[in-house]
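Below you'll find the structure, written out as structure tokens, and then a few comments.
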Amino acid sequence: MAHEWFFVQTGGLFSGFTRLSKGLAAVLVTGYVANAFFPNAISGTFSLIPGKFIPYVWNIITPGFLETSIFGLAVSIASLLVVGRHLEPFWGSREFFKFIVFVNVFACTNTFVLAIFLYFITRQGDYLYSPVSGFHGVLAGFLVVVKQINPEQEIPSLFKLRAKWSSSLFVAFAIISSLFSTKPIQYVPFIVYGAYGAWIYLRYFQRKLETGLKGDSSAEFAFATFFPAPMQPFIIPVSAICEKIFCRQRSLISEEAPGVELGKPLPGSDAVEASRRRERGARALEERLGSTAKPVTENQGPSKRDLGAIGSDDLV
């Protein structure tokens, strides 16, 4: 009985992972094993080394999928599988992959620019030739998703931490720990830019399946909400830069959907409301499919009574 209970429990714990998340986990494992046997070749070819960006231009993508420590590999795989199991069915595999690629490229690109800038300021060659890699930028992005979807979820801890503060604390911990590290460039920029890139994607670019609109303009997901209340008045003017950069995008969105008022939460931004809208849409679709299956005589259109049977609440 004990063995049967064990297999039931572990089967539930390690089942349900999506094909995409398992495939990406396999990529992480392959990169780690290859680097363990050929560290100079793998790290020198697939890590981000700003001074060797040319001809290794693919370094703008590959560093995020190369883990060089067993601890980082374990954390990355566990987080990827768990988040993928819950998030990929909600978003879809394509959107989940797009998010990972965007956050990874955003973190790698900005880390490259930062390293070049720091080199010109300090003239220290470490900024140009220290290899940078790791999945921690995407992990920081996952925490931003948690804040958006379920911000009030309580994370088990001694301090009863809420999910909306997890990404901010992760970034703060990385910055503080960098004060005691000799090479903070190897992990801090990925974490900071990973979290920031995730917010930019979710705030301005992610298309909502329920509404067809892009982004999440809710006040609860504003950039200032990632900071404690006393700091928010100083952060709001800085975050307004993004609004100016992407204001044209927002104006195009408002033209496509004039019924949506900017500054208010977009329809479908709340997970519960999105689920309800999908259920209403499914019921409406079933009714329409059922009605089209009935024989219809030539030149006979739908009656006014049939048209009135479909209420506005059924439309998504």
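Just so you know, glycine gets a Cβ as well, placed from its N, Cα and C.
Here TrEMBL flags 273-289 as compositional bias 'Basic and acidic residues'.
Summarising the annotation, TrEMBL assigns region 'Disordered' to 264-316.
The transmembrane segment annotation in TrEMBL covers 24-49 (among others).
According to TrEMBL, the transmembrane segment annotation covers 69-87 (among others).
Proximity of distant same-chain residues to the transmembrane segment (99-121), defined by a Cβ-Cβ separation under 8 Å and at least 6 residues beyond the stretch ends, is recorded for 24, 48, 50, 53, 59-61, 63-65, 91, 127-128, 132, 137-138, 141, 145, 185, 189-190, 193-194, 196-198, 200-201, 205-206. Positions annotated as transmembrane segment by TrEMBL: 99-121 (among others).
The transmembrane segment annotation in TrEMBL covers 127-145 (among others). Only residues 6 or more beyond the boundaries of the transmembrane segment (127-145), in the same chain, are considered here, and those with a CB under 8 A from a CB of the stretch are 28, 43-44, 46-52, 62-68, 72, 75-76, 79-80, 83, 87, 99-100, 103-104, 107-108, 111, 115-116, 118-119, 166-167, 170-171, 183, 185-187, 189-195, 197-199, 202.
The transmembrane segment annotation in TrEMBL covers 165-181 (among others).
Among the features that TrEMBL reports, transmembrane segment is placed at 187-205 (among others).
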Other same-chain positions with a Cβ less than 8 Å from the transmembrane segment (187-205) and lying at least 6 residues past its termini are 64, 99, 102-104, 106-108, 110-111, 114-115, 132, 134, 136-145, 148, 167, 170-171, 174-175, 178, 214-217, 221, 223, 226, 242, 246, 249-250
